[in-house]
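So that you can see what the record holds, here are the features copied from TrEMBL:
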ACT_SITE  61  active site, for OMPdecase activity
ACT_SITE  63  active site, proton donor
ACT_SITE  63  active site, for OMPdecase activity
ACT_SITE  66  active site, for OMPdecase activity
BINDING   12, 34, 61-70, 121, 182, 191, 211-212  substrate binding site
DOMAIN    6-227  domain 'Orotidine 5'-phosphate decarboxylase'
Ligand SMILES: O=c1ccn([C@@H]2O[C@H](COP(=O)(O)O)[C@@H](O)[C@H]2O)c(=O)[nH]1
């Protein structure tokens, strides 16, 4: 089913049952879904089959970060499972990203997007300083995104605060996946580099990852419908 919306709903739940209950309330023409570490750890690959049966495009957000051979093989397994998007950490370096991109090229007819995480949206400058990075988040994202592009990635995970800069530097086709999306008035939680859905799209984001503002709301469908409506996505 083709999805017109840029919204990717993060199904961050502790059980398969809860995530499937939420997915059944969602419509695959109105959003994609993201399976992250919590859900995948509890449910395993079976969750991918269940969400595919419901018609969803799946972003498998496991942020692989290991030696090139290990990550390339994991990316290959994810693509064979039919996920729409999978990601690795850009800080794994060029050889790890190139090995992953090459592994996908070996697969006949694969169309999985391969994305690299730059700087987590939960981090700000003080967090970077503590891990020995003497750069602003924007400077570090810029460097990692350029490395990701030249290593064969289809795009990056970044904050929407960096989307405008990356779109100008790396081109509008380089896919920008942006978590840390907060509609006006919603709780920031542990996110540091945030933007509203409309601001993020105006800045050049391609996909907006939204978890708690939708899944922890009293009326998740109303929130998603409002975001899509504000973005001009026709139901
Ligand atoms: O830099 C990153 C990379 C991934 N995430 C993931 O996105 C969602 C965001 O959930 P919210 O509840 O909307 O904060 C979550 O699954 C993270 O693991 C991210 O936030 N930042």
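From the backbone N, Cα and C atoms, a Cβ is placed for every residue, glycine too.
All annotation found in TrEMBL is predicted automatically rather than curated by experts.
Sequence features, as recorded in TrEMBL, placed on the structure.
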residue : record                              : CB count, 10 Å
12      : substrate binding site              : 19
61      : active site, for OMPdecase activity : 25
62      : substrate binding site              : 17
63      : active site, proton donor           : 17
65      : substrate binding site              : 16
66      : active site, for OMPdecase activity : 14
68      : substrate binding site              : 18
121     : substrate binding site              : 25
211     : substrate binding site              : 19
| query | ligand 1 is in the model; which of the recorded positions 12, 62, 63, 66, 121, 211 have a C-beta less than 6 angstroms from one of its atoms? | reply | 12, 121, 211
| DSSP three-state call for residue 68 (substrate binding site): helix, strand or coil? | helix
| request: State the mean pLDDT for the domain 'Orotidine 5'-phosphate decarboxylase' (6-227). | output: 98
| request: For residue 121 (substrate binding site) and residue 61 (active site, for OMPdecase activity), determine the Cα separation and express it in whole Å. | output: 14
